[in-house]
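Participant: First the structure, then my questions, so here it is.
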């Protein structure tokens, strides 16, 4: 038993998205295409939002969001592509710990950042005369730093707790990366205490920012309805709706994955949800923000024109 445990804790085997050989090439090219779109789209957002006409807190937060999206996809997708291409599904114990830590850190940081973005929209719409003073450079940097620190605390606690559990099951992880739900299935000990703690952490990390976002948008909606100009109402709502769309995708997938951490019957469903928030959503973010934002589109067109001339 000890020897088995020792073998288990030096290496894991990821099952991947699918074990069917005929799907591997299709999966590889599809995921590679999506990952390329993620990198290009988010790098363009980072490039566009440093333009002098977009030096506002909203675009600063959007730039940070794009960097987090690039990091989230890069933690998961390259390893997945190598696994599909080479057929080597193994991942070292240290690699698994590192991957779990990074995924939880980036996800938690992003959830808190989305709350900060909602607060920025609340101040802009409901307290416009105080906006410049409230959302100054120091305040924006503080909100980003607070989001990162909160994400780090959550990640350290969750990663340490998972890997102190007695993992004596088969070393095969029924997932395409190291995450909390599939790792819990490897434990031979009673994980009910940890599962209750994980639900509490989910409530803290997901529902607390989500409630703050809902509160912010309730105030924003009330202010929008008091705007007399239909054009102004549409412009304000369009700016906020992009952020709300992203929030809905992140929070829906995160909640469904972590509220039932040890439900083996829904593991395939969780794979799809995890694929959405680690691969698909980072690709959609640039499209959502650029296609629904006139200022971003105008600067993006100018930047693309300059790049094409070179």
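Here the Cβ of each residue, glycine as well, is placed from N, Cα and C on the backbone.
A TrEMBL annotation is a machine prediction, not a hand-curated record.
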Participant: Please identify the range among 140-163, 164-187 that TrEMBL labels transmembrane segment.
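Facilitator: Here TrEMBL associates transmembrane segment with the stretch 140-163.
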Participant: With CB pairs under 8 Å as the measure, which of the listed stretches 26-48, 60-85, 140-163 comes out on top against the transmembrane segment (272-291)?
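Facilitator: By the under-8 Å Cβ criterion, the transmembrane segment (272-291) pairs most with 26-48.
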Participant: For the transmembrane segment (237-260), could you work out the same-chain residues 6 or more beyond its ends whose Cβ comes under 8 Å from its Cβ atoms?
Facilitator: 58, 65, 107, 110-111, 114, 117-118, 121, 125, 179-181, 198-199, 201-202, 206-207, 210, 213, 217, 220, 224, 266, 269-270, 273-274, 276-277, 281, 284-285, 288-289, 292-293
Participant: Please identify the stretch among 26-48, 91-119, 140-163, 201-225 with the greatest number of Cβ pairs below 8 Å relative to the transmembrane segment (60-85).
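Facilitator: Of the candidates 26-48, 91-119, 140-163, 201-225, 26-48 scores highest.
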Participant: For the domain 'G-protein coupled receptors family 1 profile' (41-289), would you mind checking the mean pLDDT of the predicted model?
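Facilitator: The answer is 85, the mean pLDDT of the model over that range.
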Participant: Could you give the residue numbers and ranges of same-chain residues that sit at least 6 residues beyond the transmembrane segment (91-119) on either side and whose C-beta is under 8 angstroms from one of its C-beta atoms?
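Facilitator: Beyond its ends, the transmembrane segment (91-119) has Cβ neighbours at 9-14, 58, 61-62, 64-65, 68-69, 71-72, 75-76, 79, 143-144, 146-148, 150-152, 154-156, 158-159, 162-163, 173, 177-180, 183, 205-206, 208-210, 212-213, 216-217, 243, 246-247, 250-251, 254, 277-278.
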